[in-house]
């Protein structure tokens, strides 16, 4: 089974399980007799994010230490299934919170291990587009979750959305059971990450021209030695694979694994990377902004336009559907450099966070909400591709490390976001306005940071060099003029 389809479906399942109850929770809590619903919903979302944050570091470190992806990937699905049953049958708010914590733990498996698993099996020059395609699973999950949750709850009752998500989870489990990790594929002489291009393709042609019968095997061995351009053309292979196979001769070369880094060394190396810090900051802000919005959006739509749960779900469907296009598009652009798609998406998203404050009509709100989601979601694939580049360029840092940090940053955002959103909406006269302005301000700060630090060659550095060259040319021109005089 295709790795990208398994990871994409895993992301879809995770997000649909997370979001399917967003339109349902306020009405369910009201039916159970609770008051202060917006704050309670915020704490339920906090419980999910708390479980995600607590479990992320152990999952990332263990996955890199033992070089295993498939086992935690499967454990995450089983945990997710059990948590859904618990939440479905929960008779009290406390049990609902515990079930959401378990869901957060299972979510860390797919976001840390799943993305690392995909990067393991994709060539470096295609990481962005493949991650972008997989991230459409997240968008589809948001498309499916809220409207299906609202419609099923309105027509069939509280358990119906959970039965639907449990079926998706079982299908997800089947897919995860069928995957084959790259290290095992290499033992059979198949490297899913190998795409001969450029120097690698030229070297392969040189190998094809070698006449082994004439005793030129030594030339081939030299070409395939650890110090040759061919072996160095794929750093991911050399770093992660304990076994590299020669498919032609059925032989395997054992590579001595590097001693795993301790947690504090991983943290120090990531903190020293400005690219990593900016990418993680973007992830934190994205999680905070969206979780603030998700907590209060159903209540805002109900208060201003008197929408029920089914109509709230449809509004969210209309807003999320275009992100199915933005994720692969910005992922494809990120392979050419993450700086431009990141900067443009932030620049074009910020004004629409301001427009959704306006209340002249529901139609204007939906259009603005759609555009805001399109550009804000488009930031994520370049951020993920940027972290993959950081992993390849920082010694000892693996994909699970950077995606563990990504998950932690996102989890911190979604941990404090619902609390901020719920409390601000509940206790502020213009709560929705305050939430949108906060998100716009944080995105503007991320815009400045991205301009200075995103990409191997940030746009600020390019601008500085361009100004320097212009000054040199101007000074040279003045000198020439003075010399002629």
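Numbering starts at 1 and runs along the chain as displayed.
Glycine residues also receive a Cβ, built from the backbone N, Cα and C atoms like all the rest.
TrEMBL lists 1-458 with the feature domain 'Major facilitator superfamily (MFS) profile'.
Sequence annotations record features per position, and here TrEMBL assigns transmembrane segment to 43-63 (among others).
Residues or ranges marked as transmembrane segment in TrEMBL: 70-87 (among others).
What TrEMBL lists as transmembrane segment is 93-119 (among others). The list of residues near the transmembrane segment (93-119) in space but at least 6 beyond its ends in sequence, with Cβ under 8 angstroms from a Cβ of it, reads 3-4, 7, 10-11, 13-14, 17-18, 29, 32, 34, 40, 43-45, 47-56, 59-60, 63, 69-70, 72-73, 75-77, 79-80, 82-84, 86-87, 127, 130-131, 134, 179, 181, 236, 384, 388, 391, 398-400, 403-404, 406-407, 410-411.
Proximity of distant same-chain residues to the transmembrane segment (131-154), defined by a Cβ-Cβ separation under 8 Å and at least 6 residues beyond the stretch ends, is recorded for 4, 7-24, 27-28, 115, 118-119, 122, 160-161, 164, 308-314, 316-317, 320-321, 323-324, 326-332, 334, 377, 380-381, 384-385, 388. Residues annotated as transmembrane segment in TrEMBL: 131-154 (among others).
If you look up TrEMBL, you'll see 160-179 (among others) marked as transmembrane segment.
Per TrEMBL, the feature region 'Disordered' maps to 221-242.
Annotation source TrEMBL lists transmembrane segment at 312-333 (among others).
According to TrEMBL, the transmembrane segment annotation covers 397-420 (among others).
Sequence-distant contacts of the transmembrane segment (432-456), counting only residues of its own chain at least 6 positions beyond either end whose CB sits under 8 Å from a CB of the stretch, comprise 274-275, 277-279, 281-282, 285, 288-289, 292-293, 296, 300, 337-339, 342-343, 346-347, 349-350, 353-354, 356-357, 376, 382, 386, 389, 420-421, 424-425. Marked as transmembrane segment by TrEMBL: 432-456 (among others).
Confidence across the domain 'Major facilitator superfamily (MFS) profile' (1-458), taken as the mean pLDDT and rounded to a whole number, stands at 80.
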